[in-house]
Amino acid sequence: MTFKKCCINGQRYGACRDGSGQLQNHPEQVDFSWNMYADGKLSFYDHYLIEQIKSGKDPEIRQFFFLLAICHTVMVDVSDGQLNYQAASPDEGALVTAARNFGYVFLSRTQNTITISEMGIERTYDVLAILDFNSDRKRMSVIVRESEGNIRLYCKGADTVIYQRLHPGNLKREATEEALDIFANETLRTLCLCYKDISHDEFEAWNKKFMVASATITNRDEALDKVYEEIEKNLILLGATAIEDKLQDGVPETISKLSKAGIKIWVLTGDKKETAENIGFSCELLTDETTICYGEDISALLQTRLENQRNRAGSSTHSSLRMNEPFFQSGRDRALIITGSWLNEILLEKKKKKKKKLKLKFPKTAEEKQKQIENRRRAEANKEQQQKNFVDLACECKAVICCRVTPKQKAMVVELVKKYKKAITLAIGDGANDVNMIKTAHVGVGISGQEGMQAVMSSDYAFGQFRYLQRLLLVHGRWSYIRMCKFLRFFFYKNFAFTLAHIWYSFFNGFSAQTAYEDWFITLYNVMYTSLPVLLVGLLDQDVSDRLSLRFPGLYVLGQKDLLFNYRKFFVSLIHGIITSLIIFFIPYGAYLKTMGRDGEAPSDYQSFAVTTASSLIFVVNFQIGLDTSYWTFINAFSVFGSIALYFGITFDFHSAGIHVLFPSAFQFTGTAPNALRQPYLWLTMILSVAICLLPAVALRFLSMTVWPSESDRIQKNHKKYMAEEEQWKRRQSTFRRGVSGRRSAYAFSHQRGYADLIASGRSIRKKRAPLDAVLRHSVTEGRDAHGTS
């Protein structure tokens, strides 16, 4: 996050100019070697501003950078003789660092003072009060006593709140507003700076209220905000700053792929509307073909729809169908851009009325009470219907951008979507302002970076860059959905096939408690014989590779439409299990009836029948799982054939004479498996059962891949072709690499609460005071009192 441009007293700075103010064709970076405190990291090209700062002729320029150096809650630390700033947000850190490079260096602070080096001259000022930032105020201020004894308030904040508190006589108001629009169109992050001179009597009267509010136990923040409001008015506009905060690498590509995957993208930001709109174009969320609708444009549309719904309430079915018509008739791509104030006015709760207007008229009769209740219900119903209409309209748009929204409004927007749409919501953010939104959404993703770890600590998933979201959703999320659906289908299928054989056997055993299988087979069936193949499918299976999943984001739509597991798929698994159970039961049963009573033929007793049926079931279930496995590895093959081998090994051990001697009551199928499986007739019976079960599945699989191929089947078929094309593309692109940094949130709407309370308490400053002498030893002291030099 870098300081790029500014507007001071109506004049814009930051262009490529020489010392005389003439534009340069070949930009030359400013040399900050004249400033011993410069960090050497700022890239600035306006030599004219540097000359103006060095000359000291323009008092507004001095006030501008002095405000940046003094109006903040940054903490300073010293290591190896270097100043290190610790800011509550990267925006504030960038502003203080910019003032440092331009010659106005924040050096140290105590509980009641702050020391600044102004063009090499060190001065200490008394800090009388810090009016800290919060998301409702969208600004912060400090009140300082200057060396001449004058008291002045310095304030910085969002243009929307600053312009409401300006003195009517500000001459540079329009010029600064024009500069703000220009900066916003360049996707720069803007902030307004202003000040106000305060008389001693005014400050003393205000300070008494401030002390009372500070000591308040209940509703302290509300009391302080009210007191702050009294002093922050009739401000003198000084200028505006513009900070560059570029998009992270891969953001446009990620948004494009998510859009192709059928994911609706809503951007909730604290930026100005112009900045947010240009960011939308820069990340390719908006294009030249996109029709942009603003909140003012759709207000009448929503109001008309609400009135029609009121008039048609209780009408015919045809009328109710017409009320559900889409808001937009044409098929063009549309985007919706709305502001936080529009959300408050149209959708969410209105602001509470002032206390002096709270003259309630209580109903006197039962009829008036009933009428009041009905009016309240009608208003609530209209509000909910208006919110639903807004969500329906927004979902018809390709993208939605909500600008100038507070953290609370971000959470409320997510709650609206959850309430009125049967959709899974995912919120991703990187700062403390996104915590409420992340917690409200079904899935929360935090990006670790310059804005701290609050978002990460509140999220379900965390990673370092926004572009990793495409792998989280389009690769791992889709694979997880496929694996879970296959796991559930196989789980139901194998248990239906296993359990229903008992029902068919009940018709032949008089519905007694006798089971169709051996007791130990029933115990180990789900634990050892069929668990590993199903488990590995749920862990490792993938229809296409990760590269192809990213190349064809349309594959993600399967999960959004619940095509891989639904009621239909469940009943298909049920029918499949019923057919399998019928085959593995009645084919061996028919074979045993044919051989019953014939000497020298295969055994036809109950125990041999149970072994034959169980063996057929193990073959069919494991082979069926292997047949539907898309991603074959050695582990999958080992699990299928290993499970079958494990079944025969355990069965032969449990049917041996040795274990029967040790546990005669637990193992009663002595010698059954060795005798039964020695007969070719029984092996032919099992082969017939397995073939009849698997051949229809194989035929259906063949037809689905050749006659009715899915998107993933077509991609699998051309796998080698696509991989070769991707390798060629990577070779062509290997020489190009974009160097862009991370984009963060707007200061005035998302900057978290600063360190004002910590500074006022003095807890963290006492420990840091002594080492500052190493940095200040070169400074020329002027105007310092004894308290300031301690």
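Glycine is no exception: its Cβ is also placed from the backbone N, Cα and C atoms.
TrEMBL lists 364-396 with the feature coiled coil. Here TrEMBL flags 456-710 as domain 'P-type ATPase C-terminal'. The transmembrane segment annotation in TrEMBL covers 487-508, 520-540, 570-589, 609-627, 634-661, 681-703.
Within its own chain, the transmembrane segment (570-589) is flanked in space by residues 489, 492-501, 503-505, 508, 516, 609, 612-613, 616-617, 620-621, 624, 685-686, 688-689, 692-693, which lie at least six positions past its ends and keep a Cβ under 8 Å from the stretch. Away from its own ends, the transmembrane segment (681-703) comes close to residues 579-580, 583-584, 587-588, 591, 595, 601-602, 608, 612, 615-616, 619-620, 623-624, 627-628 of its chain (Cβ-Cβ under 8 Å, at least six residues beyond either end). With a cut-off of 8 Å between Cβ atoms, the residues of this chain six or more beyond the transmembrane segment (609-627) that come close are 490, 493-494, 497-498, 501, 516-518, 521, 529-530, 533-534, 537, 580, 583-585, 587-589, 591-592, 636-637, 640-641, 643-644, 647-648, 651, 669, 672-673, 676-677, 682, 685-686, 689-690, 693-694, 697-698, 701.
Sequence-distant neighbours of the transmembrane segment (520-540) (same chain, 6+ residues past either end, Cβ-Cβ under 8 Å): 483-484, 486-487, 490-491, 494-495, 498, 610, 614, 618, 621-622, 625-626, 628-629, 631, 633, 635-636, 639-640, 642-643, 646-647, 650-651, 654, 667.
Within the same chain, residues 264, 266, 298, 301-302, 305-306, 309-310, 326-328, 334, 336, 346-347, 416-417, 419-421 sit at least 6 positions outside the coiled coil (364-396) and bring their C-beta atoms closer than 8 Å to a C-beta of that stretch.
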